[in-house]
Amino acid sequence: MAALPLATAEACDANAALIMNGDLRALQPIFQIYGRRQIFAGPVVTLKIFEDNVLLREFLEEKGHGRVLVVDAGGSMRCAVLGGNLAQLAQNNGWAGVVVNGCIRDVDEINGCDIGVRALNSHPIKSNKKGVGEKHAAVTFAGTRICDGEWLCADSDGILISRSELTV
């Protein structure tokens with residue numbers, strides 16, 4: 001069994017210099033915790049969409065290899081971009097987690113999946129299916145800029161973004 005990711009509070013305490021120079025950033029505490037994996041970490045893949053989840057599905061159909069999909073859904077509270085079927089797909093394809101700056105639905109199904117999910121809230125309406133968005137683009141939400149290839153670590157204390165995998 002693989003070791004659990006580093007605790008976010010411990011990582012912050014041990015890496016004050018990285019916080020000061022901006023190489024370690026904490027997202028603002030605006031996310032709800034979903035999924036069976038309360039703690040997850042991995043390399044970041046970014047996606048920018050708005051009320052459309054076609055590109056989100058395309059990513060989750062790929063092998064995740066322990067990566068974390070970070071989705072800037074524009075903070076929309078008008079529909080969900082991730083539901084139970086996509087969370088199951090993410091689990092089956094080996095994604096560590098999905099962080100959504102927007103809403104999800106099928107909360108009970110997602111909570112049954114062995115994956116970490118963070119989102120602003122839940123919403124029963126599904127998203128559009130137009131295929132509009134931008135893969136691998138830098139995204140900015142929750143007070144920080146997040147780039148493809150950075151590292152994300154999440155637990156019940158919060159979400160950290162760093163330039164590389166953290167150690168203490």
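Using the three backbone atoms N, Cα and C, a Cβ is placed for every residue, glycine included.
Positions annotated as substrate binding site by TrEMBL: GLY83, GLY84, ASN85, LEU86, ARG105. Look at TrEMBL and you will find ASP106 tagged as Mg(2+) binding site.
Feature map: TrEMBL annotations on the structure.
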| residue | record | Cβ contacts under 8 Å, 6 or more apart |
| --- | --- | --- |
| GLY83 | substrate binding site | ILE104, ARG105, ASP106, GLU109, ILE110, LYS126 |
| GLY84 | substrate binding site | ARG105, ASP106, ASP108, GLU109, ILE110, CYS113 |
| ASN85 | substrate binding site | ASP106, GLU109 |
| LEU86 | substrate binding site | ASN53, LEU56, ARG57, LEU60 |
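Other residues of the chain with a Cβ within 8 Å of the Cβ centroid of GLY83, GLY84, ASN85, LEU86, ARG105, the substrate site, are ALA80, LEU82, ALA87, GLN88, ILE104, ASP106, GLU109, ILE110. Pairwise Cα distances among GLY83, GLY84, ASN85, LEU86, ARG105, the recorded substrate-binding residues, top out at 10 Å.
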